[in-house]
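Asker: As annotated in TrEMBL:
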type: DOMAIN; residues: 62-199; note: domain 'Poly A polymerase head'
type: DOMAIN; residues: 228-287; note: domain 'tRNA nucleotidyltransferase/poly(A) polymerase RNA and SrmB- binding'
type: REGION; residues: 1-26; note: region 'Disordered'
Amino acid sequence: MSTRLSLADLTPPRKPRVLPPDSGGGTLNIQLTPQEDRLCTLLNQFTNDLRGTRPDLPPVECRIAGGWVRDKLLGGDSNDIDIALSSMMGIAFAELFVPFLEERGLEVRNVTKIARNPEQSKHLETCKATLMGLEIDFVNLRSEEYALDSRIPTKVEFGTPSQDAMRRDITVNALFYNVHTRSVEDYTGKGLEDLRQGIARTPLPPRETFLDDPLRVLRCIRFASRFGFELEPSLKESVREKDVKDGLVSKISRDRVGEELDKMLKGRDPLHSLQLVEELGVHDEIFYLAPSAKPSGPVAPRRTSVIAATLVAALLSREFKSPLPGLHERLTSHAIADHGTRRRLYLAAALTPFRDVSCPEKKKTIPASEVVIREGAKLGNQNKYLSGVPLLLQAHAILSRPTEGKLSDPEPRVATGLLLRDKHISNTLTEAHWSASALFCLVQDLVNIWNLESDTLDLTAASEVIELYNKLAKQVEELELEDAILAPPMLDVSALPRVVV
C-alpha cells in the first residue's frame, strides 16, 4: 500500500518565542542598553523638574509601551520606543522635553509632529524624535469608544494605564515599562503569563474587541505567526462569527488589510499566518473578490491555499527534512536566497483557489488573482506582487508536468530554452525567475493530486511528479541554459517600423 502524507507530515515544526517558565512575576527586570538607561534617567529627571518649574501642569508619568517591552523581555532589542504619557499630549511634552535635552548637550534630531489621521489609526496628535540612536514616539495614554459601523473611535480621550492596556490588540502587546520605578507593569493581568505560555489573547472579550476594530483579527494572526503562538480558544470562536467576519469587509479599508497581509508575508512564518487564515475561515474576507468582479466560475476549495503554502514551506525548508523526495538544488536555491521571491510564492499559494478563475475588464479578461491583489487586498506592485504573482499562477498552464515531449521538440536545447523564456516563467521586469516558476508549478501539480476527501497526498504519485521537475532542472544544468534563460530579449529589428527619410 502506498504511503499517504498529511499536512502535519509536511509542516516544518514551529519554535515559539516565549519567556522561560521560571522567569519571575510582575517584578521582571529588563536589561537596558546604555542609551535606554540614560533615556529613562532623563525622562525621570525631566518629569521631576517639571513638577517644580511648572506647577500649572499636572504631574506626568512616563511608561514605555507595547512592542519594545515584549521584545526586551524575550531577549531582543528594539530601537523603536513608544513613550506613553499619563497626562500630556505627545507634542506638548516634546516641546518641553527637547529644550531640556539640548541644555544638557544632547542632540535631538528629526523632531516631527504627527497630525491626527483617524483613517491611519492616528487618533490624536503625537510627536516623533531621534535621540541617542533611538526612534522615539511620544504618545498619551488613552481610552476609546466605537460606533457599530466603523473601526474609527467616536471618542478618544486621556485614559489610565489600565484603560490604555485594555484597548490594545493582544495582552503581550499591552505591557508597560515604568521608567520611574524601572519595573514591568501588566495591567491586563495576563500579558506576562501569555508570554510564557505562547498564547495570543485579547485583553477584552474577543467579540467586543473585534466588533470595535476588526483589523485586530489580522493583527492577532500576524503576531501569533510572528512568535509561534497559539490563538486562545474563545478568540477563535469569536472570529468565526458572521458579524465579526462581515466587519472584516465592511469596516476596514482594503489598504489596511493589504498592510497587515504584507507584514505577514514578510514575517517569520507566513505559513503559520495562512494556516490561521484557513482555520479561522476568513480567507474570503482577507483575499476578497467582490461579486461585482463577475468571476468566470466558482473559486476552488479554500483548503488548497494552505495545502499549497505547506508544500512551499516543506520544499524550501533547510532545517526540516520533508518526507518528499529531495529537489534539484537549482529549483530551490534562488527562492531560498531571495526574500521577495519567497513572499510572492506564499502569496501565490494563498491565491491558489483563484488559479483557474478570470474576471472581465475593459473588453478583456484578467486573472481573478490580479483583481484580488489590486482591489481586494490593495497590495499594489510593492515586491512585484501585482505584476509577478498572477504570472506564477498562469505559468502552471504552460509548464505543468514538464515531460520529455515538452523538452525535446524540435530539439532539447531549443525546446527547453524557449519554454523557460516564456514571459510567464522568466521575466526580468517582474523579477520572475524560471526556477521559482518551476517550483510553483510543481506545487500546483501536487495540489492537483492532493486527495481533498482524505486530506492526504500519495507519496508515490508525488514522487513521480517531483522527478519530472528534477529532470527539467538537470537538463537546464547539463545544457548550460541558465544564462540564456535569464538573458534579456534580443531586439527584433524586423519588428521595428520603417523610418522614411
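Each position is counted from 1, following the chain as shown.
Any Cβ shown, glycine's included, is placed from N, Cα and C.
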Asker: Could you please provide the mean pLDDT value for the domain 'tRNA nucleotidyltransferase/poly(A) polymerase RNA and SrmB- binding' (228-287)?
Answerer: 97
Asker: Count the residues of the domain 'Poly A polymerase head' (62-199) that DSSP assigns to helix (H, G, I), to strand (E, B) and to coil, and report the three numbers in that order.
Answerer: 40 helix, 50 strand, 48 coil
Asker: Write out how many residues of the domain 'tRNA nucleotidyltransferase/poly(A) polymerase RNA and SrmB- binding' (228-287) are helix, how many strand and how many coil, based on DSSP.
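Answerer: Residue counts for the domain 'tRNA nucleotidyltransferase/poly(A) polymerase RNA and SrmB- binding' (228-287) by secondary structure: 44 helix, 2 strand, 14 coil.
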